[in-house]
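A.B. asks: There's a structure below that I have some questions on.
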């Protein structure tokens, strides 16, 4: 019933109007799984390769026909007759067939789409929801939790066309008792933020991840207007709502000069000075999590930042670790950061993603499940967050259906699981338990 009889790939469109790979895996029992690969804007240099055609006459070079050739050709042929329930074997076949360190032959976008579609097909064959199947693959059958959302309500950096250097300013509805209540609180702050921005004459157009993208006087002003919105929504900052930031600092790091250049503010920092700048912000605002607070190659700087802030703040590695167990192990061994961002297209398969989550948890690091700035209606990360009991999720703001699709799937899962999937709020954040 769970043998693969057909694998199909197609080119679909993501939330930025760019092509991406969607795959279907068909099983002999008539079960079908379908999944799409997301795409990042601020990407780590050590991520698995997203294969694009480079043909400027199609989609400005961003077509994925080469990746589809891999899905519909060698991958489909290699997987015929294989048992979809053996996810590790399915993923390993594709990895071995590709034969490169960074999946550059077939593309991580090709391998991941098939990997996730396979998991969905296997879940269907087993007659269980995807999150339950993921929990079994993870070796934690029946262990679930609802993740605390990090909601990106002001977008800057590579996610917006504005003067804000820091890429994401997020709220966490820690005062909520359930995921559904957290979503409501986030929506209320989001709508009040629109009012606050309008009252100041600021633009309320949104960026790639559905957050507002106004020009602001400083990065600190982003936190100030969010604080106003939280109060206007009737919530207490630091009690009901905490704050988080994704600096994506590699995007404003000058490797030659070894400087961090906040062009929007006209300020330049050394590595330790930028960590001190962030530390100062944490004394003025209830910031409990900082992601990619330095360049991905600035390991000495991260050691300093972790030492200075790591006992009270969650220090998340995204570009730093790129969901890669080899790089994460180096971080763990050297006391770098205390949390990893999980993006399965950075590594390119479900099995490798689960391995990164397990390694992080075993080392006492937290794992934050994340979307990419280029998304589709595919909501697999919601099931991944619940099925691994990861505890935290980043999936954008309260607008754009590519973001809201994940929140809606979480609401459905919470309704189905009830007390079996507790919402632990701030306890999930490193340094806050």
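Quick reminder: no glycine exception, Cβ is built from N, Cα and C everywhere.
Owing to the predicted nature of the structure, the values given are computational and were not obtained by experimental measurement.
Got these off Swiss-Prot a minute ago, pasting:
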BINDING   167, 343, 372, 373, 394  (2R)-2-phosphoglycerate binding site
ACT_SITE  209  active site, proton donor
BINDING   246, 291, 318  Mg(2+) binding site
ACT_SITE  343  active site, proton acceptor
A.B. asks: I need the CA-to-CA distance for residue 373 ((2R)-2-phosphoglycerate binding site) versus residue 291 (Mg(2+) binding site), whole Å please.
C.D. replies: 15
A.B. asks: Given the recorded positions 209, 343, 372, 394, state which is nearest to residue 246 (Mg(2+) binding site) when distance is taken between Cα atoms.
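C.D. replies: Nearest candidate: 394.
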A.B. asks: From the Cα of residue 291 (Mg(2+) binding site) across to the Cα of residue 394 ((2R)-2-phosphoglycerate binding site), what is the distance in angstrom?
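C.D. replies: So the alpha carbons of residue 394 ((2R)-2-phosphoglycerate binding site) and residue 291 (Mg(2+) binding site) sit roughly 11 Å from each other.
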A.B. asks: Check residue 373 ((2R)-2-phosphoglycerate binding site) against DSSP and tell me helix, strand or coil, would you?
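C.D. replies: The residue in question, residue 373 ((2R)-2-phosphoglycerate binding site), is coil (DSSP, three-state).
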A.B. asks: Let me know how many other Cβ atoms fall within 10 Å of the Cβ of residue 209 (active site, proton donor).
C.D. replies: 31
A.B. asks: If you draw a 10 Å sphere on the Cβ of residue 394 ((2R)-2-phosphoglycerate binding site), how many other Cβ atoms land inside?
C.D. replies: 29
A.B. asks: Other residues near the Mg(2+) site, CB within 8 A of the CB centroid of 246, 291, 318?
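C.D. replies: After dropping the recorded site residues, what remains is 167, 168, 245, 247, 248, 290, 292, 316, 317, 319, 341, 370, 394.
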